[in-house]
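Swiss-Prot annotations:
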type     : residues                       : note
BINDING  : 53, 54, 55, 56, 57, 58, 59, 60 : ATP binding site
COMPBIAS : 403-413                        : compositional bias 'Low complexity'
COMPBIAS : 417-428                        : compositional bias 'Basic residues'
DOMAIN   : 40-219                         : domain 'Helicase ATP-binding'
REGION   : 395-437                        : region 'Disordered'
MOTIF    : 9-37                           : motif 'Q motif'
MOTIF    : 165-168                        : motif 'DEAD box'
């Protein structure tokens, strides 16, 4: 393992409960990442923390390890019923909640503690049945957690550990009132272990920590640069007319093992999906309108390698832990500078390298200057040869049409339908202009 990603701190030397160490070792976790090495020694003394770390740094394992260990070392409240959670982990999106639950699986197995999910978009009754079976750790989104609370499925009187993940995103999505509602129904901050993690410790996030935590210690892991030194960035200036052909030509040239294509609107994502699906790619669509069960299935297929391309809005840009994403395509430059960082942060994770390709088109080139100012460097620019772009593209599929997803077929078909890689070279690299000081 590379020392740039893994420290010399061993989990086995932290004084964790044997059941916790066993769960970590079974998943191959021996050495801590920087955020784990900084946060865990503090948390294991019972001290609250407010941690700043980008996604992909191992913060999920940090707070899961601390939560499970705390529950094993702290006696539960006298008279607690099995349906009353002892710990609560709040996430901004259901996808992130599900991912946290999945990441907790080895610790659930090794410790015997019970975890349950609560998030919108899935059957209330199914989640209710799981909760009624008993729960030690409740993982979910604030809206559904409040629904269960108001229906008196559980109370929060026995909470001994609290995690607020992606706190800055919670603010962005307008969940701060829900968070405060839940905090005010828990025991006093000094009576529980509190963990807050955020990509940025902005003033509003620090204010939340001050209000609902007990003298939290600030733990900061700054990336060497906002976009990650293992991510190769590249920028094109296509016309609106050339964008789709350029995307498909670059996909053919790059031949990514696993790639995410981001666009700014649901309708644009559907259009991109239609073009790629018609061309025979195994492609999934992830937007806010896709039903929850479908979203989960698509993410599972993408993670297992059954889908090679994922077209998504920014709903998938934060918090999801999808391994081995080799490429990110920004079909549209995002309106929010932080979204650019979070999008391309889907690749180049856990010490791996990645490639980010962005289009500064007629509609969204205006977003480039603030993005480059935010990331503190100019994105290298490549020209392209319009005559080298793919021309023989089929008509796009419509959303009502069946999704054949035939990028790789059992009959030995190629990854892009009947067209084999042609070795096109649309790029004409050029030096980016020096940034004005």
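Placement of Cβ uses the backbone N, Cα and C atoms for every residue, glycine included.
One way to see the shell of the ATP site is to take the Cβ centroid of 53, 54, 55, 56, 57, 58, 59, 60; the remaining same-chain residues with a Cβ within 8 Å of it are 33, 35, 197.
With a cut-off of 8 Å between Cβ atoms, the residues of this chain six or more beyond the motif 'Q motif' (9-37) that come close are 1, 44, 51, 53, 57-59, 61-62, 65, 68-69, 72-73, 106-107, 109-112, 219, 221. The average per-residue pLDDT of the prediction over the domain 'Helicase ATP-binding' (40-219) is 93, rounded to a whole number. Least crowded of the binding-site residues (54, 55, 57, 60), judged by neighbouring Cβ atoms within 10 Å of its own Cβ: 54.
For the motif 'Q motif' (9-37), the DSSP-based tally of helix, strand and coil residues reads 16 helix, 2 strand, 11 coil.
Applying DSSP to the motif 'DEAD box' (165-168) sorts its residues as follows: 2 helix, 0 strand, 2 coil. According to DSSP, residue 57 (ATP binding site) sits in a coil region rather than a helix or strand.
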